[in-house]
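Novice: Pasting a structure below so you can have a look.
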């Protein structure tokens, strides 16, 4: 500027020319200043201050860890850091939820385990079929024989739900059942059901489609077997004759003794037929179950709508017990026979007592034959 003033004083005659030069020079200086600013502030201009996270990430890739720590761009404002942390947390939660749902869906599609094979499959459901009676008729044998069928799953112990535990509810009852697949039948057996008056109504309330199995046996043989079992547990009970008769000389049988009353099959069946049609009740012949177990099991399988898989190849007759046993399964080293209480030798009852009992049961037997359409020949 000093040079310009000096030049204007020395050459006043050329004022117009000088003024033009000054303008040009000033314009050059202004352009130089602008270029200088652009040159040294290009980094700031290129950055996006509205996205401090992006600045930090840019420096991280270009400048390394040390540069990142010193750079002001990597110090996120509080709001930006909080927003980023929340976003990351939500993303992690979303991924965890997806993974959890994936695992849950996968495991829910996988069947649970069951005692068949190496795993347990299926669900617990209320029984499709129940062995409802009768005591000492052969109910345990039928249960053990039919449960070797792959499409049958059964409770091993007597549940006594419909006669003793009904107040516990159906959910409690369902929990006692084994796990079954849709194609399998769930079963249980409690022989006292047949003679419990409330049971038919209660089972019908659960499901009118329930199939019922009754194992019957000559009532005279059955009552003697019943007494023999009780005597083995309670040796000091009265004699058989004292329990069976009110007055034996007059032939008056004591029907208040439960062992006698059980064998009055027609009386109990009348109660069942009030709630179930005869077509839903299958009667197993207890005598034939001993002499021809495969034949009786074939009829049970037909009644349950099962393929005849349990056949004579599964049985052999144990002469010691006087009862059929299951042949050795592949998973066991010995045959499967029923417990010690099965096939027990009966106490000896005199001929006159037996004849008196036959006379008593005869009218009930005849009525029972007519009701079920089958003559069991209990004479």
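Backbone N, Cα and C atoms are what each Cβ position is placed from, and that goes for glycine too.
Quantities reported herein were computed from a predicted structural model and do not represent experimental measurements.
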Novice: To which of the residue ranges 21-41, 42-62 does TrEMBL assign the term transmembrane segment?
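Specialist: So the range that TrEMBL calls transmembrane segment is 21-41.
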Novice: Using residue 337 (disulfide bond) as the reference point, find which of the recorded positions 136, 140, 225, 345 has the shortest Cα-to-Cα distance to it.
Specialist: 140
Novice: Where the distance is taken from Cα to Cα, which of the recorded positions 225, 325, 345 turns out closest to residue 136 (active site, for sulfotransferase activity)?
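Specialist: Nearest candidate: 225.
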Novice: Between the Cα atoms of residue 225 (3'-phosphoadenylyl sulfate binding site) and residue 325 (disulfide bond), find the distance and write it as a whole number of Å.
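Specialist: Rounded to the nearest whole number, the Cα-Cα distance is 19 Å.
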Novice: When neighbour density is defined as the number of other C-beta atoms within 10 angstroms of a residue's C-beta, which of the binding-site residues 225, 345 has the lowest density?
Specialist: 345
Novice: By the count of other Cβ atoms within 10 Å, pick out the sparsest of the disulfide-bonded residues 325, 337.
Specialist: 337
